[in-house]
Amino acid sequence: MEAPMKLEVKVENYVECGINEDEATPLREGTGETPPHAFACGVPMSGSGWCSDPEDGNLVHHSATPTSDEHLQPSLDTIEPKMEPKIKEDADNAMLDSLLADPFENNSPATLQTPADVKPNAMLDSVEQGSRSCELLPSEFSKRENLDDMDLFSLKAAKTLVPDEQQSFPQNDTPIDDPEAADLIAQKREILKMLEMTAENRKVKHKKKKHKKERSHRSNKHQEESRKRNHSNSSSDEGADDKNQFDCDYRGHKKYKNRRGSASSQNESSKERKLRDTELDYVPVRPDEHFIRPIKFSNLIERRPPQVEFNTVNLSKADKRSLAVARAELVLEQIQQKANKEEPPEFHMVDTICKLPVNESFRNQDCFENPSPICNNMNVVYKFNSTPGTRIDLSKWGLETVPEATKRLLRLLGIDVARLKELQSTVKPSQRILKLKKEQLEQGLAPTEEQETATLYKNAATQTERRTATRDAGTQVRLESKLNGAFWQNPHFDPMNLTQHQSNVMLALQEIYQTLPSATMAVKLSRALAPALAIIKGRQP
């Protein structure tokens with residue numbers, strides 16, 4: 001077991017000492033450099049701590065913490081007067097000040113007095129490596145405040161100190177051999193050029209401010225004149241007011257037009273106008289831009305050429321004849337393409353070969369005239385017999401087959417079977433076709449389609465009744481005579497609900513037929529057919 005360690009924590013209340021903390025602390029002139037052996041291992045920490053001074057020399061003593069009653073004891077050291085802080089000047093600034101303050105004489109050799117902190121070899125390179133602004137001056141002198149505070153000569157006095165390029169050589173035309181003197185002259189010339197540029201910029205800014213003041217003064221004068229004109233009761237002023245009512249922009253601000261004979265506009269030259277326009281902080285608004293004309297988004301979009309829609313309702317005999325000729329030519333072209341085994345450029349799509357019942361067909365008994373086994377009505381029973389020799393009228397059911405040549409022709413013409421039946425009932429065939437049919441009937445050559453029967457053979461799949469019929473019952477569609485089912489157990493059941501449900505089924509079938517296939521319809525159908533699928537899966541072994 002390790003022995004417990006005792007730690008004594010001494011809490012000291014720092015009371016106000018003899019030195020007031022609110023007073024500004026004087027800056028130190030210099031700090032003692034850290035000895036190289038200060039952080040070496042095995043060396044005592046001498047010359048550091050609370051009571052250590054750099055003048056102690058080799059005296060070794062440990063740093064002691066200040067006691068609590070130390071501030072009550074009289075201080076033995078005399079309080080020295082506060083020294084004003086010395087601002088440390090930058091090396092670049094000091095060198096530039098010395099360059100500007102040093103007068104140049106052609107006879108005496110040029111010497112550069114550098115401060116103590118700057119190396120003697122650092123000439124123009126040290127100045128160029130410093131931070132520079134966009135005006136090729138150090139960043140300390142690029143600000144306006146620093147330029148105003150600089151203690152420099154005026155431009156005229158500085159030009160007298162630096163000789164021009166023509167006077168750079170002495171009278172005996174001997175060039176200066178000292179390269180340092182030539183560098184000094186070049187530096188001072190550059191500084192003078194930069195100072196001239198800053199002075200010109202100040203003049204331009206002063207002109208801009210002066211122009212702005214003049215503009216504001218002119219606008220105030222115009223406002224006062226307009227107020228005086230509005231208060232006058234003369235007839236000429238009234239006519240002017242009536243005209244000025246229309247000289248307003250959409251924001252209600254009046255436009256004041258300068259007179260052509262005003263002295264300010266006549267004296268103003270084109271250069272001054274261009275200068276005034278360039279001095280503006282905003283883009284002037286043209287007179288045609290005062291009002292915004294909204295444009296419809298439909299006008300911005302490129303319009304498609306209008307498609308010509310043929311009038312198929314009220315056609316004249318000439319139009320019908322031209323359409324029939326065009327249709328026949330197109331059919332002949334497609335037949336020729338198919339004979340040459342070419343890829344057809346277009347196809348005629350037919351919706352269906354059979355018609356669905358019309359809405360409210362239960363009440364009108366239309367759906368029972370030509371029903372379809374595809375539509376399984378709620379209140380209709382379809383009954384088939386398996387007696388051989390039974391002929392089912394497929395045209396009644398909407399399942400009539402046509403010859404192969406007729407199928408191809410119908411596909412080319414884009415006509416369905418229902419439309420073909422309508423044409424057969426309305427259109428009268430030609431005498432040639434009637435003569436051919438009559439000859440076939442006389443010879444006993446009936447069409448093969450009429451001889452075919454739709455007998456359902458005896459097998460387990462075709463039996464709809466438990467017992468096989470022994471007589472020709474035929475194919476019939478009848479209403480349920482006996483009401484049997486879950487609905488009829490309730491004596492208060494209204495049969496009209498079933499008829500309404502029947503019409504709803506017809507409408508739903510029409511919607512399913514007319515709409516395009518979508519994922520939502522597939523989900524609805526799968527939910528409705530889920531019980532039937534479960535029954536079929538349960539029957540399978």
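A Cβ is built for glycine as well, from the same backbone N, Cα and C atoms used for every other residue.
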Select from 323-343, 407-427 the stretch of residues annotated by Swiss-Prot as coiled coil.
323-343
In the region 'Nxf2-interacting region (NIR)' (315-343), how many residues does DSSP assign to helix, to strand and to coil?
23 helix, 0 strand, 6 coil
Summarise the model's confidence over the coiled coil (323-343) as a mean pLDDT value.
86
